[in-house]
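What follows is a single structure, written as structure tokens, with notes after it.
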């Protein structure tokens, strides 16, 4: 590590528009997660980094350090995660959480990483807890739930306890920072595939670059209406990551026969409202919410199985599997099984 790894030198570099190396950003994250960094240093770092614009190398260093310091979780077989960064201020229902259930019902092994609400009315953890899924499971219990139910949830505070040092500062700042993007990059199960929605168009190639550097299969996307999901209101910009390379394309849900609908049709509410939306979905209710969920479940299946030569063809296949998972009752059975298996464990 060179002499630049002090807070004054790193902050001065960022304020001058200089990029940090992965090692330098890793040093900063170790300082933050060890409790050595002061609230002022944390705030200065994340704001300066955001103002400059994060690079792939900087985010790689931050995410790698978080994973190195995380409580490990080992889940057998190919695993996919589907999650949005939040921050789009659309306050939709929990699309990626419902899509995770559908993808699991379609045969994927899903390990979702998430937290309580940050920028939305109801986060993944909030709605899952309301549905009856335990959040306080140990890593071994979580792995067992994934084996038995085909889906499990990693509650971020359990696996990243050192984030408590940054939490109060993040809350006081009140604006999105690099931490919003690190959540999807720091799933302790280290999934082999990920489908990630991003609200910030400028961060799409950065996150895609991180996945390319890791050599995992991923779809990184943003609705062209600003949604941090594949949207049904417009086309979406998609970065397809495979074999260590990332390529940009556009996806139109009309390819799947999905009618356009205003994003307002996806608007959520409190935790009870969003939990009911989950029950409605697996119960077979049709409409824009179902369309959006099946679209994003298809993305998770494509990320896991690979996009092949044509994203449109792969999405068509994934969408058909997602439709079948709901219409056959498999999604409802998967949710019931998940609740049953997670509830069978007592707190550690």
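Cβ coordinates are placed from backbone N, Cα and C, and glycine is handled just like the others.
According to TrEMBL, the protein carries these features:
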DOMAIN    9-70  domain 'Glycosyl transferase family 3 N-terminal'
DOMAIN    77-331  domain 'Glycosyl transferase family 3'
BINDING   84, 87-88, 92, 94-97, 112-120, 124  5-phospho-alpha-D-ribose 1-diphosphate binding site
BINDING   84, 115  anthranilate 1 binding site
BINDING   170  anthranilate 2 binding site
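Recorded features from TrEMBL, shown on the structure.
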residue	record	DSSP class
84	5-phospho-alpha-D-ribose 1-diphosphate binding site	strand
92	5-phospho-alpha-D-ribose 1-diphosphate binding site	strand
113	5-phospho-alpha-D-ribose 1-diphosphate binding site	strand
170	anthranilate 2 binding site	helix
Item to check | Rounded Cα-Cα span from residue 115 (anthranilate 1 binding site) to residue 92 (5-phospho-alpha-D-ribose 1-diphosphate binding site), Å | outcome: 16
Checklist entry - Which one of the binding-site residues (96, 115) has its C-beta surrounded by the most other C-beta atoms within 10 angstroms? => result 96
Checklist entry - Could you state the CA-to-CA distance between residue 113 (5-phospho-alpha-D-ribose 1-diphosphate binding site) and residue 170 (anthranilate 2 binding site) to the nearest Å? => result 19
Checklist entry - Between 0 and 100, where does the mean pLDDT of the domain 'Glycosyl transferase family 3 N-terminal' (9-70) sit? => result 97
Next on the checklist: I'd like to know which of these binding-site residues, 113, 170, is least surrounded, judged by other CB atoms within 10 A.
Outcome noted: 170
Next on the checklist: Applying a 10 Å Cβ distance cut-off over all chains shown, what neighbour count does residue 116 (5-phospho-alpha-D-ribose 1-diphosphate binding site) have?
Outcome noted: 17
Item to check | Cα distance (Å, whole number) from residue 115 (anthranilate 1 binding site) to residue 84 (5-phospho-alpha-D-ribose 1-diphosphate binding site) | outcome: 11
Item to check | Number of other Cβ atoms within 10 Å of the Cβ of residue 84 (5-phospho-alpha-D-ribose 1-diphosphate binding site) across all protein chains | outcome: 31
Item to check | Secondary structure content of the domain 'Glycosyl transferase family 3 N-terminal' (9-70), with strand meaning DSSP E or B | outcome: 47 helix, 0 strand, 15 coil
Checklist entry - Over all shown protein chains, what is the count of other CB atoms within 10 A of the CB belonging to residue 92 (5-phospho-alpha-D-ribose 1-diphosphate binding site)? => result 25
